[in-house]
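Student: In case it helps, TrEMBL gives these features for our protein:
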- C:15-33: transmembrane segment (TRANSMEM)
- C:45-67: transmembrane segment (TRANSMEM)
- C:123-146: transmembrane segment (TRANSMEM)
- C:153-172: transmembrane segment (TRANSMEM)
- C:198-221: transmembrane segment (TRANSMEM)
- C:242-269: transmembrane segment (TRANSMEM)
- C:289-313: transmembrane segment (TRANSMEM)
- C:325-342: transmembrane segment (TRANSMEM)
Amino acid sequence: MFSDYSATELGSIFAMQGFAGLILFAVFLLMALGLAIIFGQMGVINMAHGEFMILGAYITYLTSNVFADYFPALFGGYFFVAMVLAFLAAAALGALVEWTVIRRLYHRPLDTLLATWGLSLLMQQSYRSIFGAREVGVEVPDWMAGSFQVTDFVELPVNGLFVMCIAVAVTLAVYLLMFRSSWGSRVRAVVQNRPMAGAVGINTAKMDRMTFALGCGIAGIAGSAFTMIGSTGPSAGQDYIVDTFLVVVFGGAASILGTVASAFSISQAQSTMEFFLGGSMAKVLTLLTVVIILMFRPQGLFTLKVRK
Amino acid sequence: MSAATARATNTDFVLAVEGLTVSFEGFKAVDDLSFYVDEKEIRVIIGPNGAGKTTVLDLICGRTKATEGSVKFRNKELTTLNEHEIVRAGVGRKFQTPSIYEDLTVFENLELCYPRGRNVFGALFFKRDQKVINKVRETAEMVNLLDQIEDSADLLSHGKKQWLEIGMLLIQDPALLMLDEPVAGMSVTERQQTAELLRRITADRSVIVIEHDMQFVAEIADHVTVMHQGKILAEGTAEKVKQDPKVIEVYLGH
Amino acid sequence: MSNFSLSNLMTRQDVLGFVVLALILLVVLPLSLDVMRLNQVGKYLSFAFVTVGLVLCWGYGGILSLGQGVFYGLGGYALAMFLKLEASSPENTSIQSTPGIPDFMDWNQITELPWLWEPFHSFGFSLLAILLVPTVLAYLIGFAMFKRRVSGVYFAIITQAISSILTILIIGQQGYTGGVNGITDLQTLMGWSIRTDYASYVFYFVGVALLFVCLFIAQFITKSKLGRILVAMRGQEDRVRFSGYDVANFKIFVFCVGAAFAAVGGAMFTLQEKFMSPSFVGIVPSIEMVIFCAVGGRLSILGAVYGALLVNVFRTVLGESFPELWLFAMGLLFVGVVLAFPDGLAGVYQKYAAPTVDRFLDKAPLFRRWPSSTSHSEPIKAS
């Protein structure tokens, strides 16, 4: 399949697809981080995670409209406000969901999967009722609209670079929060030994709620980033949930480095193959590869061997 | 593994553990351990918490895979076998916390462990004939559960759950029985009854017991192995190890 | 063979349940519904094959598969391929640029029947393929997963990925599969029109008969020692290994049975709806079938049938009058059943109605002496 292209063309193709893959990587990573926190730390399967992302995307869309209508002078900065609002909205909804549904199901992981799937249907239909079935897009501020011309063939869009910066920043923040803050060590204490954590005075119910809310909030940020590269529709989130889960499982839940590496390899593989094989076959091959690797390494790529 | 395997030779022992090592991310929970169990011997393993006692049982019964070394049961290498193959070879294991099938009745718990119809189609067409029923009732009687044979297992008291699990092992008729703290969490009466039960059922098989209660240990043990930090600290009769200064220092002293 | 007598296989409540279901499906519904509605019920019942299989896999075995649509779809496609070839005889397709191949292939500039399609000229092969292709696939997936001890949510996610893969493949390869529209315009079965009212009746009753075959197999499995091993495995998988069983084999078996049931259901769908499409293969239908099962009761094979029927009737009623409410209703159903009724309708029946029914049966002449339990720990009296 390479023989039709010259070496420079191939180089540019790989560079372009690699960069396109990096944007996919950013969305995967943001989605997977939230999911990895919820699944890895709490063992809960949140099938509505994609819908939390879409909530963030709609919040971003609303914010951009509000800025365009009322503060056109500040339009260039709306995205930062939107990101914060998206995080807060998704986190608040997450806390509510944890309180009403999830906390009753901690000892039944497979049932959280069904309940959150139901939740995803409710959220999708709500979006459809509120925002309509048509996909909406946001207007990209001027400063994000351009692109850098790297070589004759390769140009890198600014919004793509920006989304990646967000992903990296959020990842770093999550890492610091989970592994360098006392809050993070409390969360990890609850994961490792719930009764013991409770016995030493950690409010485990509150930790669970905040952890779940944090995971959902990060999905909200992912939604903000998502608006930069795709249009938002009521069921757009559903397309991402399986991929994201594979990213989390492939990376080995509870390992941030694993999540990063796995999001990177899956997005790059998919993006590069897409050019040569077309979107659907690329996706089939990526999924198939991940499934097969998981058969041989069910614990994921980055997990420690511990005594059960 | 090959060096240690080569070292292991055929013996008359029921169980020959040689050079057994397991490490978790560099931490050696069991470190180059060797010991031998005779036919019909009752071996008690004692030692402080974290000495690796339960891990040794896990290694023998295949629950944890050894990093190095060999476990031979009647000269059959166990380290390469799966759990169910080790059970079928004749090794039975009782867990520390009672591990029974709570959704099934006492009868069904025992019947499930009856060593017949263990493959898929054998289980599908398993016939509850007179022989099975008699054997189950006989076992239930032995572990004092005949009165409650129709009860759901989750309704049993903690002590009776322990007995049920012992019964489930008995019906398998293992040549080597491994018991992890069989009297932990029991009342004094239950303790006595269990000791009595153990004496009866250990008569015609080899047994490895993990136990903390030294009085209980002295009562039942032929040999005692003291473990500390994954290694053997002392070995011998209960009397002998009780007087060993090293044992007193790390284990009995406090 | 006293062990295999009916009274060991079924309690009197089971017998009553089977009789009532048979009366509803064979007498009440055919007499009270017109042929179009009955055909719809037949379609709903095709999902019941899947849910009964899910009771075995999920309810008993604790294996949640979110990819049952794969097996349902493969069964349906296997039959649809046969019927499509029959509908695409050279005479029927003489206006195509390549007569004798399915119309969608012609539209996609394919000029020769792909080799994969060739054997589906044979009815016998197609029938075998309906059962074997999904079962073999389930065996391969099961073997790869369960021998490696992949289970729980990991298994659920991987089955979901597999159903996603198959859907993308079917839609992407439209020249070979009919793409997103699926395989449509099925006309005759061995020269006999499948589009008549008479055919609808025949397929309905064939479907019910096959469903009862599956129900009896499922009943036999749940009442066998294998059924109890599954229950034991669900709670104490490790302990089952130490009772001398190879846990993976039991999971593989029950997963294969579930796949075979689903495949039969898919084939019945194709017969009754006269098409098969990827919209019954993917993630969404697969998880919907799980909720049918949960509504009926994940531990009750009869409940699973009612679950499939009632949710779909509900969907049709709601969909005809308030289509936008359907997703809300379905979402609430998922959350509500899981939170409030984890044992579904069957659980509600067990709790509230079963004791009354039992007292009634004590007086009923037919049932009085039928045992209310199938567990006999007392020595069986020679009779």
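Note: Cβ is positioned from N, Cα and C throughout, glycine not excepted.
Because TrEMBL annotations are produced automatically, they should be read as predictions rather than curated entries.
What does the local environment look like for each feature on the list?
Tutor: Residues 70-71, 74-75, 78-79, 81-82, 155, 158-159, 162, 190, 247-248, 251-252, 255-256, 258-260, 262-264, 266-267 of the same chain, all 6+ positions outside the transmembrane segment (C:123-146), place their C-beta atoms under 8 angstroms from a C-beta of that stretch.
Proximity of distant same-chain residues to the transmembrane segment (C:153-172), defined by a Cβ-Cβ separation under 8 Å and at least 6 residues beyond the stretch ends, is recorded for 63-67, 69-70, 73, 141, 145, 178-180, 182, 278, 281-283, 286-287.
If one looks beyond the transmembrane segment (C:242-269) by at least 6 residues along the same chain, the residues whose Cβ comes under 8 Å of a Cβ in the stretch are 42-43, 45-50, 52-54, 56-57, 60-61, 63, 65, 68, 71-79, 130-131, 133-135, 137-139, 141-143, 146-147, 149, 151, 203, 206-207, 210, 214, 217-218, 221, 226, 229-230, 232-233, 276, 280.
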Student: Which sequence-distant residues neighbour the transmembrane segment (C:325-342)? Criterion: at least 6 residues beyond either end, Cβ under 8 Å.
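Tutor: Sequence-remote neighbours of the transmembrane segment (C:325-342) are 288, 291, 294-295, 298, 311, 314-315, 318-319, 348.
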